[in-house]
Every structure is written in structure tokens, then in C-alpha cells.
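Chemist: So TrEMBL says this about it:
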REGION    1-61  region 'Disordered'
COMPBIAS  15-31  compositional bias 'Polar residues'
TRANSMEM  88-113  transmembrane segment
TRANSMEM  133-151  transmembrane segment
TRANSMEM  158-180  transmembrane segment
TRANSMEM  219-246  transmembrane segment
TRANSMEM  258-284  transmembrane segment
TRANSMEM  304-323  transmembrane segment
TRANSMEM  435-457  transmembrane segment
TRANSMEM  477-498  transmembrane segment
TRANSMEM  510-529  transmembrane segment
DOMAIN    548-593  domain 'Kazal-like'
TRANSMEM  616-639  transmembrane segment
TRANSMEM  651-668  transmembrane segment
TRANSMEM  708-728  transmembrane segment
Amino acid sequence: MSDQEHQPIPAGQESKASTGDQARGQENPTFSCALDDEGNVDPPKPINDVDPPKPTNVPKIEDEDPLDLRFGFWKFKSEMMGRLLSKLYVFSLMTGAVAMLSVAGLKIINMYMTALQTQFHLQDVTKEDFTRAHSIGVFISCLLCGYLGSFGKINIPVWIGIASFLSGVAMMAPALVHLASPYHLTIDHTTKDFFYKPFLCTGPVNMTQLPSAPPRDDMVYAIFMMAHVVCGLLLPVVSVLAPIYIDNNCVDKRRLGLFLGIFVILSELAPISAIGGGGFFGQFAVDLKETELNVLDPRFVPAWWLPVLLYGAFMCLISYNIAGFPTRLVPKRQQKMALVKAAQLYFGEGEGFIHNGESKNISSSRTENLYTELQDMAHTEVKETETQPTVPVQTVTETSDRVSLQGSIVFKSLAWPRYGIVSGIKDIPFQLVRVIVNPALTLFLVVMVITAVPLRGSDGIKQPFLIFEYGVSVTTSGFGTIPSMVSNIAGLIISAIICTRVTSLRGYALLILASYFLCSVFASFYFAMGCTNDVIFGLESSFGSPLPNVTSQCGCQSFLPYPTCGDDGHTYLSPCYAGCTAGDGFTFKNCSHLSTDQHGSEAKFAACPPGCMDKFIGFVVCFTLVTMFGQMTVLPRSIMVLRMLEPRDRSWGLSLALLVYFLASISTQRWSQEILDSEGCLASASGVCVLYNRPAISHLMSSVDLCVYVTLLVTALVIYGVFHFKVLKLNTKR
């Protein structure tokens, strides 16, 4: 690599003085601003108008390490691979793919929780146990990433690669346990015939005849918990360090949204990947052999281990390529100047950056060479007697004080070694104070709490809500949620394009404000999308019609509800109340107590549809639009956190946002389910609600969503007001 590549700033431009300054001599002394290794701006120091002659016998000193764009490790680095892969968009693709595979693998495990309970005897394990284990890993990793990201010389790709490899191994661990002791899906016909006997019209049944479950396999339980903890460690490493690496190496900050968009879009594909991969392999038995059990039978164990094994292997493969990325893709000085310009640009009027006290418009010259602008900005002298300079002059001591990039904070830079572990730990309280006292970031943390508690909780019960409210099948409800997943991607793409045109923090705040306003508008239509209740035969309530004669004749048990839709078009609390004497759990025959036998004498599992498919379509459309507009706030929030904090504090800002989100979302789905059951459940079996009051749950879900988005709208308005006030204050000083 040539010396010109190592020295992006041509010689002779280090100190330029204007003609007027030369004429005035020392009347107006000039100042120079330097950048330290952490991206902070040193206090200006006066210099002479004319640089002293440089001694010829002094060797040239490199102010930074040579830029090495080779791809690989140690002696296996390749220049050819570097030319092909050492690209910022490739890094975004790889890190996004790792995040997608990690989240999708955990979703597949949670998707087949019932099957895992059957295979490994985990009857007392719920999804909440695994969610808490995942949150523990996230909590530990958030603190670690906030600490590591504050260092200026860490190799971010290596850290992400190590975390991805460990997460891939942990993902494969449950599958390897299955392969070590394969599970064969067998059927006991006696048990099969007896399984649904309590729900049929066969007289009283002795419930003690039901087979008891074997004890839990504690070793397998520990392996599953370990996998969730390790995968939780990966998420903050990717979500915090990857955006910082992208921000450091994206010189034109207007394109930052595009690279972050690639990363976030791939991450959002995790649900689609889980449904696709898990759904495809879920049709095969766990031992990949023929079985008499139906796929919908709760005792059927699908081949859950195969997608988990493949996803973990892919993660290990991609981790090697991520770790082989160069430490940086652009020279360090160019990174620092880009950060300085970004701070000046985004804290200005939104039309340009301050250049010798004047606003320079850059929107009309987007094709101008950005690097030339950075050189010009970094080496132009700032006069003390002119209007507000780029970096305000502060009277500081020689060793301790530093000026923030915004020019509004003077903070202490303690005199311990810069990259020592102990010094970094001691600096954590100062970093947290600088982050938390930022009013806009504090409001963002409030937004994360509002988003996590009600919205994340309601997302977990959206599919059951569609099934019970509109009477659609599990497959149809799954297709109903697919448009919302597609709208996630559409919202991110639209916001990434818009972010390339925004040049101020106030502009990002306005985009967030507009998005939440549209969410509030379309969420209000939920109230018109509810369905009514049908009469339920056998249920003793205002919505039911008791059948005492059938109960005494068939021995029906009201504590064993199993909603069934008869051929007469009415819903029965169980096949017993319909008089059915045979069935396989999904289709019941010989139903002698239907209201009419003109349409047949069979019944099928699940309540009869309420006949409001048009409202189901309307709800899906509104939910898709609300999801799309909500996703349009993700990228602006991330970019604002990167821009409104000191460069070394960015990791703590992103880590705190992620940490608050996950801490607030712990057990939210369980709480949401409990609230939904307490307000609208009509019948339950073994603590699981099987029949809901449709108008009640519709109004509850609609009210929660609307209140949340209105609250987010008010919070976004306050955030916009904060940045608008800063702009007015800055313009007043000028």
C-alpha cells in the first residue's frame, strides 16, 4: 500500500492562513483544533500565522496505523478476498444474517414447546422460563458491550465473530442431545383411544385412569436454558457493536440509514424464517419416519432439531467470515473528521454545517467530494473575534478538560492510561452520567419501555386473538400475520430511503412524530373490527344455553371444555354436549344431540366461525399499516442515538436502550395473557382459556393499542420540541 493511501490529507494543507490574516499579523491570533484517539475535540490552541520551517532531518511520523483491508486471520489474510468482501454492505449483510438465524432458532424452539415437553418430559417448563434465560444473557451482554464499545481500539468484527460462533454452538447443543439419544415416535393404541374419551358421550369417566407423566430430564432442561442464555449474549453484541462499526466506517453519514437498514431488515426476517423453516420441518416426525399420529395431534413430535441444527451450523460458518473483517475500512483520521462533521451538521439548522461562523449549504452539492469538504473543514483556521466558531473556545487546563463535539459540555478526561481495563471501569460512571443527562435519550428510554410492556406483550397473543375473535384456523391466522411481517420490511425500507434525505436531528424527530401519528390514526379503526358472540350450548352463562338432559345422559363434565362446531352450525362446549360417541380429537361422529340432523351428524374441533370474515380482512389491513408505520421509527431512533452522544458514549446509549427494552418486556406476554383471560375468558381447561367473549377481548386489545400509540405520539412530540428548542437557541446565538 502506498504512502498516499496512508496519508489522506496532502502535505502543505496542515496550516493555511487567509490573506487578510497575513495582513493583520498578530491582531487576530488563530487557533487549531485537534482530535484525540477517542473522537473528542481537544481545546483550541493558538498558533502562529506562519508555520515555522520543518527540520529536514526529522523522520516522518505516522499518526495512525496503516490501513489494512486484507480479509482473514493472521498469516491467512488475503488481499483478493479483501477486495471482494471488505465492504460495508457485506458486513451489514453478514451481521444481519447472524442476528436473524439466532432469533429464528429460538423462535422455533418456543414454537414447538409442546413437542419438547413430550420428548424430554419438560411438563413444568413454559416459554417464560426460556424467555427469562434469554433476558439474563441480554442483560450481561448489554453491560459488556457498553463497556467494550467505549474503547477506541477494539476489534469489533472479532468480538462479533466470537459471539456468533459461541451462539451457533449453543444453538446446536439441543439438537446434538437428540442425535445422541434419538427419540422414536410410537403410539400406544390403548392410550390413543382413551385420550379423547372424557370428551365424548360415553358416560362418567374415571379420570385417575389417565397415564401419569414421567419426571423431567434435568440435564436436557439445563442444556436448553444454557442455549437461550448464550444466544442472549449474542444479541447485544450484534445490535450494539455492529451499528458502531457501520457508523465508524460510513464517511457519508447520509447513507448510514441504508447500511443500518440492511442489518435491521435481515434481523426482522427472523419470524418469517422461523415460520418457514420450522413449519416445513414440522411436518416430519422427530425420527423422520412414518407415524400414525396426525401432525395436529398434541402428542406428535416434529423434527424440530433439524432446522435448529442447520441454523446453528450456518451461524458458525458466518462467524468466521465476520471475524475476518478488517478492524476499520477507512483511515482513522477520516473517521474522526466524519464524526466531527456529523455532530456539527445534525446539531445545526439542518441545512449545512458551520464553517467559520457561516452556514454552508451542502444539500445542493451532494455530488461534491465529501473527503475534500472534511479536509477543508478540519484545517481552516477559526478566528477568535468572529462569530460563533465551529468548536467554542474554552479555557481549560492543559491536562484534564475536553470539549464535547456539540460544544455544549466540558467534561473531565481523567489522566489514567487510555485503554486500560481498570481505567475503563473507573470511567463507567462518568459515561453513564453523560448518557443519562441527555434529555432526548431519556425520552427514548421511555419510548422503549412503552413499546416493550404493552406492545411486546400483545404481540405474543395476536395470533390466538385472531383465532378466537374471528374463528379462523391456525393456518389462516398465520397467513394473517404474514402481511405484518412484510410490512416490517417495507417500513424499514421506506425509512432508510427517507433517512438519506434528512440532515438534522430535528428531521429524524419529525419522522418519528409523523409515524406515530399515522399509527394512532389507523389503530383507532380497530374498534370497528370486532365480532359478536354466538350461543354456546352447554355453557352456563349469559352467552350459553345449558343442556341438563344431555349432561345427565352422557355424563358431560363442565370442567372439561373442548369447543366443537356441529354440522348444524352451532358451537358446543364439548363433543359430549353434542352427543358424539366417537372421534379422533379433530372430527367427532355419531353426534345425536345436535339441534338438527339435516346437515349431518358430525362435529369438528373449535368454535364455529362468527361469520365476520370482512372484519378479519379489515383488521389485517389496519394492523399491517400500523406495523409498517411503527417500523419506520426504528432506524431514526438508532441514528439519533448515534448522533446525539459523544462517539465513545454511543455504545452505552445503544446498550441502555436495548437493556431497558428487554427488562421491561420480561413476562409481559404472560401478564397480557392473564389480563386477557381475566377480562374475556368464558371457559378454561387446566388453566388454558378455550373460549373468549369476543366483544370484550376486541375492545381490550383495541384500547391498549390506541392508548400506547397516543402515548408514543405525545412522547415523540416532546422529543421534537427538545430539538426544536435547541435549534432556536443556536440560531439566537448566531
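Quick reminder: no glycine exception, Cβ is built from N, Cα and C everywhere.
The structure displayed is predicted, hence computed values, not measured ones.
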Chemist: Where else in the chain does the transmembrane segment (158-180) make close Cβ contacts, counting only residues six or more beyond its ends and a cut-off under 8 Å?
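Modeler: For the transmembrane segment (158-180), the sequence-distant neighbours (Cβ-Cβ under 8 Å, at least 6 residues beyond its ends) are 95, 98, 101-102, 105, 109, 119, 141, 148, 220, 223-224, 226-227, 229-231, 233-234, 237-238, 241-242, 245, 286, 305-306, 308-309, 311-316, 318-324.
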Chemist: Counting only CB pairs under 8 A, let me know which of 88-113, 219-246, 510-529, 651-668, 708-728 has the most with the transmembrane segment (304-323).
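Modeler: Looking only at 88-113, 219-246, 510-529, 651-668, 708-728, the most contacts with the transmembrane segment (304-323) come from 88-113.
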Chemist: Summarise the model's confidence over the domain 'Kazal-like' (548-593) as a mean pLDDT value.
Modeler: 83
Chemist: Of the listed stretches (133-151, 510-529, 616-639, 651-668, 708-728), which one yields the highest count of Cβ-Cβ distances below 8 Å with the transmembrane segment (477-498)?
Modeler: 616-639
Chemist: Under 8 angstroms for C-beta pairs, at least 3 of them, ignoring pairs fewer than 6 apart in sequence. Is the transmembrane segment (133-151) in contact with the transmembrane segment (651-668) by that rule?
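Modeler: Yes, these stretches are in contact.
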Chemist: Are the transmembrane segment (510-529) and the transmembrane segment (651-668) close, by which I mean at least 3 Cβ pairs under 8 Å that are 6+ residues apart in sequence?
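Modeler: Answer no, regions not in contact.
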Chemist: Quick check: do the transmembrane segment (616-639) and the transmembrane segment (258-284) share at least 3 Cβ pairs under 8 Å, counting only pairs 6+ apart in sequence?
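Modeler: These two stretches do touch.
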Chemist: Please work out the helix, strand and coil residue numbers for the domain 'Kazal-like' (548-593) from the DSSP assignment.
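Modeler: Its residues divide into 7 helix, 10 strand, 29 coil.
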Chemist: Of the listed stretches 219-246, 258-284, 435-457, 651-668, 708-728, which one has the most C-beta pairs under 8 A with the transmembrane segment (88-113)?
Modeler: 258-284
Chemist: Taking residues 6+ outside the transmembrane segment (258-284), which of them lie with a CB under 8 Å of any CB in it?
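Modeler: Sequence-distant neighbours of the transmembrane segment (258-284): 88-89, 92-93, 95-97, 99-105, 107-108, 111-112, 242-243, 246, 250, 295, 302-304, 306-307, 310-311, 478, 482, 485, 488-489, 492-493, 495-496, 499-500, 631, 634-635, 638-639.
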Chemist: For the transmembrane segment (708-728), which recorded stretch in the set 219-246, 435-457, 651-668 gives the largest number of Cβ pairs separated by under 8 Å?
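Modeler: The listed stretch sharing the most Cβ pairs with the transmembrane segment (708-728) is 435-457.
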